[in-house]
Structures are given as C-alpha cells and as structure tokens.
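Worksheet: the structure to be examined is printed underneath.
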Amino acid sequence: MPSNPTRKGRVVVGMSGGVDSSVTAWLLKQQGYEVVGLFMKNWEDDDDSEYCSTRQDLLDAASVADLVGVEFEYVNFAAEYKDRVFAEFLREYSAGRTPNPDVLCNAEIKFKAFLDHAMALGAEHIATGHYARVRTVETPAGPRHQLLKALDDTKDQSYFLHRLNQAQLARTLFPLGELRKTEVRRIAHEIGLHNAAKKDSTGICFIGERPFREFLNRYLPSEPGPILTPEGQRVGTHHGLSFYTLGQRKGLGVGGVKGRQRDDGTAEAWYAARKDLARNVLYVVQGHDHPWLLSAQLQAQDASWIAGEPPAAGAYGAKTRYRQVDAACRLDQAGGERFALAFEQAQWAVTPGQSAVLYDGEVCLGGGIII
C-alpha cells in the first residue's frame, strides 16, 4: 500500500476493540482517508459483571487508535439502543418469537445513530469491520448501491446488514469485504496490533457470555408449562416459552424420555418444534428430520428492500439463519410489507422472529421477519 497516499475524505470508523475494526482503521489510513475512530457504548447495565468486556474493549480500541495514529472518540448510544433495539427484543420474546437483535442494531444504531453522529463530525463516510461489500451501478434512474456478500464466504455478514437502505450504503465503506479473515489476522500481526489474536466476539452483544436464560429471567416473567409430543403425551415441563427456540436440542429437560429409538437401540434426540402460546405448550419431536421441523414455504413481514422496492417474482436464493447456504426458492409475492417464499427443498427449523434474507447470486436484495 502507498506510504504517501493522496488525501481522501474524512471517514469515521466504528472501533470495537476487536481485530476487524482495528485493521479497518489501519487500511483506510493507508488509503489516504482522514480517519476518526469512534467507540460506541450500547449497553449500560452490568458493567461490573464478569460477563461484560466493555471497559477492556474501550481500552483496546483507544490503544489501536494511538498505534495507527488516528483521532479517537467515544459515544454512548445506550439510551438509543434500549429504546430502538432492546425494547423490541423483549417484545418479540414475549410474543414467543426468536428475534435477531444484531439485525436491528445494524439498522437502528450502527448505520443510523452512528451514521448521524459521524455526519455531525464532518465525515463523508462511515466504515465498520463487517465482512460485506458495496457496489455502485449506474441505472437509468441514476446510481444504485448494492450490498454484496463478502469474498470470504465463511465470514460473510450481509445477512445482518440486509435492512440497510440506499442512503446508508452510499455513505458506507467495508474495507474487509475483499479480504479473508486469515489475511486480516496476518495484517494485524504485521503492523503490531496488540489485539491481533483477540478472540472474535460471539453471541448477543448485551448478553455477552452469560447464560441466556439467566439474563432473560431478569426482564421477562417465566411461566412454566407442559412439554408435549405431537400425540399429546406429556414428557416434561418447560420454564417459559420465551426461553426456547425452534430446533433447540439442548436444555429441553426430556433426556430421560426414550420414545423413538434408532436401530442401535439408542433414543433419537428431542427437538423443540412448535409453541402454542394460547395454551402455554411447548411441543417437542424426535429426530432431526421430523416433518414438524421442516417447512416448504414461509411468510415474512416488515420487509426491507435495499433497492427501495421489492424484486420481481422469480427464482432466488434465501437464508433463514446466519451462515446457512443459500436455499433455492421462489419469491411468489412481494407487496407492501410482506412477502412469501417457496423452497425447492423443505428448510429445517424455520423460526418466527428470525430474518429471511433474499439473494440474487452475490447480491443481497433485502428481507423480512419470518412469521
């Protein structure tokens, strides 16, 4: 990379203290941008908890900014996060669905509140360490911005970014989209970043590494109820429907019930298959390929299309969960805020509250919330 690059515009980089955002800041500095690193604090509660790493992450981000030689700032979006993301998270779980707060956080915080803050700082662009790409194509109506999958398909994060719009993509840079994670780690080591080997963050940001049920218990009342088979046999008691997601295998509390057995005499695994909120019943089935776990079609609501309008009916690929291989499907209808997908092969554990994201090859078209 050039050591004396031509000066480009001002870009504010969301720096989390992790290796991806750190290398992002360094790459943009090398490319000639005036870089400002910005650490976002999105959660206030439990800062003293053994599970919370916010303080260390802030120190890591500040240290990297100093080493790279960029301005560094701190902003607290905790109030916005609770209002726009966490409140919706609780509403969805209360309704028996399994939301994906990372999708909402990207749309409402990282590419809205953060973007607005960056523009107030005089930035022309924002950048993050997400693995995705932006491409601008000319159309008769003017330039259109497309969200593309990352070059490294094992790290592609376009699924979490599918609710971004044209205005947001026009201001966004994803420097890591053309790199593989191994290259990012190599760069971090070569330039002497102290966090080069730092473990990638996992799980929901405000929960951290703490047990999920323990966290949710603080905010939602638990209402135990029966666990039934499709035939109506009671095989256990659940702790509250909010604590279970479709396809869940561990933590059901029915391990002592044999039921259906394999040829070798061992019992087939149990899976959470359906929730009956009206009766407070959790239904479980045995066997990974039980019909109750398979869906040939789905309906989605709260649709968001990157182009600003729904794609035409036809054949596409779709993901109903992160890191899933695109499933061949047909978009049968897309009008208003709803759409329907029909799959060539039935999909496993399609979960209400999760996102169904549509792709045309490497181009992410948008998506909606599964109902």
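Keep in mind that glycine also has a Cβ here, set from the backbone N, Cα and C atoms.
Annotation comment: Swiss-Prot describes Gly14, Met15, Ser16, Gly17, Gly18, Val19, Asp20, Ser21, Met40, Gly129 as ATP binding site. According to Swiss-Prot, the disulfide bond annotation covers Cys105-Cys205, on the basis of sequence analysis. Residues or ranges marked as active site, nucleophile in Swiss-Prot: Cys105. Per Swiss-Prot, site 'Interaction with tRNA' is recorded for His130, Gln354, and the stated evidence type is sequence analysis.
Positions of Swiss-Prot features highlighted on the structure.
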residue : record                       : Cβ contacts under 8 Å, 6 or more apart
Gly14   : ATP binding site             : Ser21, Leu38, Met40, Lys110, Phe114, Ile126, Ala127, Thr128, Gly129
Ser16   : ATP binding site             : Phe39, Met40, Asp57, Ala61, Gly129, Ser201
Gly18   : ATP binding site             : Asp57, Asp60, Gly129, Asn195, Lys198, Asp200, Ser201
Asp20   : ATP binding site             : Gly129, His130, Tyr131, Leu176, Val184, Asp200
Gln354  : site 'Interaction with tRNA' : Thr98, Pro99, Asn100, Thr320, Arg321, Ile369, Ile370
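The DSSP secondary structure for Gly14 (ATP binding site) is strand.
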